[in-house]
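Reading through the structure tokens given below for one structure.
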Amino acid sequence: MLTLSLQPYSLSNKGGGLLLRSVITTVVSSVVLGVVLWMISWSFGLVGGIKEFGSAIRFELPYLLLTYAALLYLMRPTFWRILFAALPIIALYLVIDLHYVYMHSIFKLDELLLLPEGLNVSPVWVRIGAGLTFCVWLLVFIKNLKRRLRELMVPLLLLALAAVMPVTAYCMPKEFLKAARSLGFSIIPWSDRFTSAVMGRTTALFLFAATKREALDDLAQHPVIDDPDRNPALLVNTLYDFRNIHILVLESFLDPQRFSGLDFRTSPDPPQFDALRKNLHISKSPVFGGGTAQVEFEILCGVPALELYSPAEFSMFTGASSPCLPNLLDSAGYRTIATQSYKPEFFNSEKAYQTMGFQEINFPSAYTDKHKTYLKYDIPNSYIFDGDLLSQNLFYVKKLLADGKPFLNYVLGIYGHLPHVTDTDRFPPKVDVQGVKPGSQAYLAIQQHYYRAEAVAEYINRLREMDPKSLILVTSDHLPPLDAGPLTYQTLGYSLKDGGEFKQNIWFYFGPESKNIALPDKDYEFMDFLLDNLTENRICREMVCKNHHDVNLVELTTSYNHIIALGSGLASNASVR
């Protein structure tokens, strides 16, 4: 009888002990997680990271710990569940900071849509590592997932509470932003970095996501306003001499001579490249370290890549026509050809090129029907060397010239992309440089530059011989992130810096120059610059050319919305006036 009477007490005592241990484990592990997140913020701030204010993490820590608790209690009580519940949150913080260190821009939720592009251009070991890490985490999570509905009720409730913020930000952006503002949370308009630093990384993610969704909803509901400067008749009426246009955009084409902190024992440039320097100019790119499609958008559509609705405007294009440079030239009787030296799905390139007005689009034969492209390259998941790309393009240009119809020849070279993989048997190191470690990304990029510059010089010289009356524009898309993003450029003394950012790039122009030539200093001014020279200033007397005049942000945004609404197909759901 005594034994029976003590049994309920024993069971009750055991249950209470388990509950107490569970509470202690949760509290202690939550404190440790909070310290780890703070350490990530603090340590990355020392090496060019976001430098979060101490109060910011306190604002979002309750939400992060709620998410952690939901993941923790979805799994059966083992030591490993603590680690695997914390990993997604730690990974999020690391991704946000690493993205800022290497790309010098704040990571946003919709950039997850660009994950396929990011993996496409990553080394095989990165793709395998990312896939394995995710699969291992998922398998462990599923294996340890609680099975009884009664045990799942509390963690599912916690998970539902954690989902309220992202779901509301995406599905009810106006209501989310109204509630956030009432609590003192809002985007700081002059700095994404400062927004993340003051509001907190996760809070900023939701604020940015809601703001973009709100803007996209507004764009879909408002009428599309015609842009008079995009009227094809302007070009048709002012174009007298139908010159061919060649545009070459080069991936991560830096200028090693700008590294004041390096000692070059031999020149980083081949001799034939020196002659081109008298035609060298500087322009500001919209991006650093990555985002080639943003540069393409600015050059070909003539407006800033504002990222109002997507992290890459190209991803919004559906093939529906939009008034960019190729379409305007098409209306004037030009043949428009694009050559992109990587995969068609790279930043939605194929549909984006169709939207902008390219009649012919060429990709490497490794990724498309060999009968639909002149570009022969059959090694998948690698980048064709600029010299091989450009020599094939020259052969194709010869055919275009024989046809006699004016044309736009647009070429995008991807060689030079991180991690600067080089066939050293074919391209042994040529540049003797001191101050940078052999094998580092900076060293590899400098060695690649020598051969790339040689190929570019040969291409330009041949084009000028074959097509002497043409307009030739050659530009870099952005600087490569190298080993540690902007910190590397700061350490090595790279001189092209504006407003604390390394977004200035070199570009070249060869061709006729109008009497009142106005050189662009931003990538989105290139389109008007080309039309200005093509029409010998006549078109700029009929419209506001951005290379001649500063255009305010309101007008630029109106033109941007016009292009996006038409190219995305949203204009079909709204009236056009």
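Each residue, glycine too, has its Cβ placed from N, Cα and C.
Taken verbatim from TrEMBL:
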DOMAIN    244-492  domain 'Sulfatase N-terminal'
TRANSMEM  18-44  transmembrane segment
TRANSMEM  56-75  transmembrane segment
TRANSMEM  82-102  transmembrane segment
TRANSMEM  122-140  transmembrane segment
TRANSMEM  152-170  transmembrane segment
In this predicted model, what is the average pLDDT of the domain 'Sulfatase N-terminal' (244-492)?
94
Considering only Cβ pairs under 8 Å, which range in 18-44, 82-102, 152-170 makes the most contacts with the transmembrane segment (56-75)?
152-170
Apart from its near flanks, which chain residues at least 6 from the ends of the transmembrane segment (18-44) lie with a Cβ under 8 angstroms of it?
50, 52, 56-57, 61, 64-65, 68-69, 72, 77, 82, 86, 89-90, 93-94, 97-98, 100-101, 201
Positions whose Cβ lies under 8 angstroms from the transmembrane segment (82-102), at least six residues beyond its ends:
25, 29, 33, 36-37, 40-41, 44, 47-50, 64, 67-68, 71-72, 75, 111, 137, 140-141, 144, 193, 196, 201-202, 205, 289, 481, 484-487
